């Protein structure tokens with residue numbers, strides 16, 4: 001049986017339909033199952049699902065019962081991993097799959113907040129019963145440190161084999177190492193949201209009072225934490241003075257100066273998000289290929305990447321961290337909204353009641369996002385992680401999650417989504433091998449005659465690009481049928497063997 005004490009941040013790996021009879025008294029409490037991705041057995045004696053309304057009447061405390069894994073959460077996590085592989089490896093062929101250069105939202109911009117949404121849902125279920133708060137805090141801290149470590153290893157710049165087949169270089173100059181990244185942001189959001197959930201465990205209700213908003217008041221401290229993060233981000237973004245700044249582009253060996261001297265600016269050059277990262281982390285430790293380089297102001301190849309214009313402003317040549325410090329504070333809201341969806345799953349027993357809560361909130365978030373964006377009050381911007389972006393992506397996550405719940409857990413259409421569930425159950429492994437390209441980098445290390453003649457490039461060129469007489473279409477088909485399909489099969493085989501990667 002798989003060890004139930006796994007990370008709650010969304011990288012789960014346990015067989016479907018797993019039931020837990022253990023009497024563990026640790027982090028997740030009596031009624032836990034792997035990664036917390038379980039819900040109470042709500043069946044009546046005849047096996048049907050209870051659909052009654054929640055009332056304010058006193059009920060007996062929940063007894064320890066068998067729990068079943070939520071297939072929806074696995075499929076949603078698997079979908080997010082698949083999206084990451086698709087946009088990272090096919091975005092160069094189709095810009096609509098890539099990140100928006102600055103304002104707006106493309107497919108790639110949904111990946112990060114979808115991960116954070118999963119973090120929240122999983123934490124709510126994993127920590128629904130906490131017996132020893134000190135032990136829980138210790139485990140939360142340890143898992144946070146593990147995520148930070150793997151984030152720096154994978155995205156700090158140590159391995160260049162996938163991006164540079166010619167040099168096949170490894171190692172990173174500590175003066176240029178990137179400190180932030182995907183797993184680092186997940187670690188921060190996980191730590192804050194899980195800590196609030198743990199420290200407020202004694203304030204949780206067993207039964208909700210009547211009313212549509214009772215779920216919000218019952219978990220007010222989680223929302224207060226999200227509001228504090230929102231307030232800190234908004235105040236800092238719009239009140240922090242951003243002075244002129246200078247930097248040296250190490251690739252070009254040229255110095256640039258950017259004129260600012262303003263507050264509340266949301267453009268690429270003078271925003272507070274970039275200023276905080278430059279001051280605290282140092283500009284050399286930020287992401288070296290920011291999406292803003294695809295803007296028309298920077299390149300004539302826009303919306304694709306290309307050489308800089310001769311008259312490109314200096315900031316086009318600068319580093320910028322899309323997973324930086326201040327924007328990660330805003331990202332806490334994505335985890336807060338996710339944990340709300342997990343709380344709904346815990347407290348509302350009927351499918352209709354859960355969906356009513358989920359869909360209504362998702363629609364409200366989407367409406368708010370569009371109002372903020374199209375009124376030009378706060379534009380949707382992934383690089384800055386604006387509040388309108390939080391609302392848009394969280395609303396979209398809520399819609400997709402609800403859709404998966406209807407198809408998989410309500411209608412029982414599990415088979416078409418099995419490959420997503422398999423990937424979701426071994427998502428950390430697929431994230432490292434596929435999304436971060438470690439497996440492809442390893443294969444690229446074995447070449448014939450020249451470093452650019454590898455099995456990966458041969459398959460991509462001769463089976464896909466040449467066959468379809470189109471580099472763009474061939475690249476897209478290669479990612480779908482060679483990469484994503486391969487990792488789906490691999491995850492399925494590992495699932496059948498009971499092999500999962502735990503942090």
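Every residue, even glycine, has its Cβ placed from backbone N, Cα and C.
Annotated features, as they stand in TrEMBL:
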REGION    1-32  region 'Disordered'
COMPBIAS  17-32  compositional bias 'Basic and acidic residues'
DOMAIN    69-200  domain 'Heparan-alpha-glucosaminide N-acetyltransferase catalytic'
TRANSMEM  75-94  transmembrane segment
TRANSMEM  106-127  transmembrane segment
TRANSMEM  176-200  transmembrane segment
TRANSMEM  221-241  transmembrane segment
TRANSMEM  325-346  transmembrane segment
TRANSMEM  358-378  transmembrane segment
TRANSMEM  384-408  transmembrane segment
TRANSMEM  429-448  transmembrane segment
TRANSMEM  476-494  transmembrane segment
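Counting residue by residue with DSSP, the domain 'Heparan-alpha-glucosaminide N-acetyltransferase catalytic' (69-200) contains 84 helix, 5 strand, 43 coil. Across the domain 'Heparan-alpha-glucosaminide N-acetyltransferase catalytic' (69-200), mean pLDDT in this model comes to 90. In summary, the transmembrane segment (221-241) lies against the transmembrane segment (384-408): three or more C-beta pairs, each 6 or more positions apart in sequence, are under 8 Å. Just going by CB pairs under 8 A, the stretch in 358-378, 384-408, 476-494 that sits most against the transmembrane segment (325-346) is 384-408. Proximity of distant same-chain residues to the transmembrane segment (358-378), defined by a Cβ-Cβ separation under 8 Å and at least 6 residues beyond the stretch ends, is recorded for 212, 266, 337, 340-341, 344, 386-389, 391-392, 394-399, 401-402, 405.
Long-range contacts of the transmembrane segment (476-494) within the same chain: residues 78, 82, 85-86, 89-90, 93-94, 418-420, 422-423, 425-426, 429-430, 433-434, 459-460, 463-465, 468, 500, each at least 6 residues beyond the stretch ends and with a Cβ under 8 Å from a Cβ of the stretch.
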